[in-house]
Amino acid sequence: MNTWNELTVHVNREAEEAVSNLLIETGSQGVAISDSADYLGQEDRFGELYPEVEQSDMIAITAYYPDTLDIEAVKADLADRLANFEGFGLATGSVNLDSQELVEEDWADNWKKYYEPARITHDLTIVPSWTDYEAKAGEKIIKMDPGMAFGTGTHPTTKMSLFALEQVLRGGETVIDVGTGSGVLSIASSLLGAKDIYAYDLDDVAVRVAQENIDMNPGTENIHVAAGDLLKGVQQEVDVIVANILADILIHLTDDAYRLVKDEGYLIMSGIISEKWDMVRESAEKAGFFLETHMVQGEWNACVFKKTDDISGVIGG
């Protein structure tokens, strides 16, 4: 009987995405996030904390490694690499690593206990694929299988991206999703009325996972998934481009985004830690965009830029 090692990292919430990616890089076959912020009794309002709910800055990220890997060596490697995160301006807090052994049957279902249906925005609720869930009036359901942890919709950067899509999509738009990951933003765009969505990711695994998630959601045949390096080689002009990726990468796509976004169209960017916000804003404005909306949740920033000659509705206009 095969066995697995379950490793849990207790880390500051700011480091969730970076640590999740690191766990996958070191051989984990999946990760699960346990975050007190996911259990608020009310809808998330992008930064407000409700006093009746006890909150913690620390989260638990649980990863699952096959027994063919030396878990002690993995833990030592992780400890060294996590220590380096502080040097890049990413606060990890007091990191704690715990591990235990699981048999195959435990692994098959254990990680699923971390995922429950989550109301992410006013209209959008993300539901694990194995859960029976009855939509309420006006509620749009995104079915997801978070097995490879490319983003399940609960991370602040994804939440703000979804909120921004709700803000700009009115129906009939064309959308490009750069670095689609799980495909959650593309699926949301389809549910919010976009006509055609083009989803790109450099990672072949992400392309496969995105397509699998898209296939779970009826009516999403208008999403076209392909491997791609940012916007290189893309010629399709669109109404909206959305990119939830690292700030250092975002600054390399703003010129191409301006070329591809139609007049009066939008560029949505997320995944920006606060210390790099000015750098991203300057890159977008230099390309020709005007800032319309700036959102902040904790140390994460997201923004909506507009390609327009009428600056009356933009920040500072």
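Each Cβ is built from the backbone N, Cα and C atoms, and glycine gets one as well.
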Which one, Asp196, Asp201, Asp263, is listed by Swiss-Prot in the same S-adenosyl-L-methionine site as Thr158, Gly179, Asn244?
Asp201
Assigned conformation of Asp201 (S-adenosyl-L-methionine binding site) - DSSP reduced to three states:
strand
Give me the count of other Cβ atoms within 10 A of the Cβ belonging to Asp201 (S-adenosyl-L-methionine binding site).
26
Chain-internal residues near Gly179 (S-adenosyl-L-methionine binding site), provided their CB is under 8 angstroms and they sit 6+ positions away:
Tyr200, Asp201, Leu202, Ala206, Leu230, Ala243, Asn244, Ile245, Ile249
